[in-house]
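According to TrEMBL:
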ACT_SITE  LYS200  active site, proton donor
BINDING   MET7, GLY8, HIS9, GLY10, VAL11, VAL12, GLY13, SER14  NADP(+) binding site
BINDING   LYS100  NADPH binding site
BINDING   GLU185  L-homoserine binding site
DOMAIN    8-124  domain 'Aspartate/homoserine dehydrogenase NAD-binding'
DOMAIN    132-311  domain 'Homoserine dehydrogenase catalytic'
Amino acid sequence: MVKIAIMGHGVVGSGVAEVLCSHADNIAKRAKEEIEIKYILDLRDFPDSPLCDRFIKDFSIIEADPEVRIVVETMGGLHPAYDFVKRCLLAGKSVVTSNKELVAAKGAELLAIAQKKNLNFLFEASVGGGIPIIRPMSQCLAANDVIEIAGILNGTTNFILTKMIHDSMDFSDALALAQKLGYAERNPAADIEGQDACRKICILASLAYGRHVYPDQVHTEGITGVTLADVEYADAWGGVIKLIGRVKRAQQEKLSMIVCPMLLSRESQLANVDDVFNGIMVRGDSTGDVVFYGKGAGKLPTASAVVADVIDCVKHFRARKYLFWEEGKEGYVGNYLDDSTSMLIRLRAENAALAAENTEAIFEGAQRLYRKQAPKEELAYIVPEMPEREIRKKLERLEKLGISVPSAIRVANDL
Ligand code: HSE
């Protein structure tokens, strides 16, 4: 019998308790040990829970109990999760977490402590919810040099964009629905502003390239600026707009990384990843493209990944799972403005005919796009690929000519 504690009884934590109870026999067969939840840490009371006798409010009870060998952290947020997880590891307990904010900010440090103490620190659920991605990347794809990773890594924003694309639904109604369904973060700004996707691509980049990438090193844009007009121009071009997190190896031991809405061709494998689903493409030098697809958020999909890690911990009490990356360093991620891209630009000008002439002169080879019922002041183009810094300079020239640029969305030509 292995005794565990769960810290946090929110959407994911309660899902973990539910899966451990409802699948107890199968889990015991797979782990070759019965798993018992000894404590559930939460500041709230759950008198109606079948596990109501396990609830505690004082973390030090878990820390001081030598019977507890594995601690599941599903509290979310950096504090107090970081302090508690570190103390659990220092107290000799393996830790399983679904907390991407924690892993993206403190992964290198916590992995180093786990290594020193010969314990496991596992976080399959931190990226892609129920999709297996951490374990396949660290094990099954380990023989590859990873050329690139690109993914739809946030279920909430993918749900919102899908509703905008297919149902012309208003942004705020779609967000409210995603929150009701339990997909969104406690603070949905982390979803819609792109930070959640950023944390996840940082974890994947750290794993793939062996050095920690911190979220503040990555240029991040969310979907709050994407409008139905942009969605219609994307459709006219033959594509869709998706929030993409992306990392590639660049020159001089650097990474090229970005999180932003991107225009994908309908033929892209990621273009048809809809609703709360996530899709992650890993481009290996030997495998070519490998695509992972599944539910990236929600109670039971995420709980499934957490419980799988708990089983793995039980099976590896004396044999550490090899997950490790070094501390990060300044300048490791290049400036996104140096990366080449093409863009969908939407413009507004009093005199649209003159604006078209100026735009086509400044952006030689730009392709004009049209949509039904566009206001007469509106224009849209796909501009040719060049370093983003050059595109920005040209857009400044347009602005000086009285042409405003309400949106500029990067095109992912190679996805
Ligand atoms: N808020 C996150 C999402 C939850 O929507 O993807 C899963 O990490």
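Using the three backbone atoms N, Cα and C, a Cβ is placed for every residue, glycine included.
TrEMBL annotations: computationally assigned, not manually curated.
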Query raised in the report: When the Cβ positions of the recorded positions MET7, HIS9, VAL12, GLY13, GLU185, LYS200 are compared with the atoms of ligand 1, which fall under 6 Å?
Result: GLU185
Query raised in the report: Which chain neighbours of the NADP(+) site, leaving out MET7, GLY8, HIS9, GLY10, VAL11, VAL12, GLY13, SER14, have a Cβ atom within 8 Å of the mean position of the site's Cβ atoms?
Result: ILE6, GLY15, VAL16, ASP42, THR74, MET75
Query raised in the report: MET7, VAL12: which of these binding-site residues has the highest Cβ count within 10 Å of its own Cβ?
Result: VAL12
**Report entry** From binding-site residues GLY8, HIS9, GLY13, LYS100, GLU185, the one whose Cα lies nearest LYS200 (active site, proton donor)
**Finding:** LYS100
**Report entry** DSSP three-state assignment for MET7 (NADP(+) binding site)
**Finding:** strand
**Report entry** Rounded Cα separation (Å) that holds between VAL11 (NADP(+) binding site) and the residue listed as 'L-homoserine binding site'
**Finding:** 10
Query raised in the report: Including all protein chains shown, what's the count of other C-beta atoms within 10 A of the C-beta of HIS9 (NADP(+) binding site)?
Result: 23
Query raised in the report: At the level of the C-alpha atoms, what whole-angstrom distance separates LYS100 (NADPH binding site) and SER14 (NADP(+) binding site)?
Result: 18
Report task. Mind checking which of GLY8, GLY10 has the fewest other CB atoms within 10 A of its CB? They're the binding-site residues. Result -> GLY10
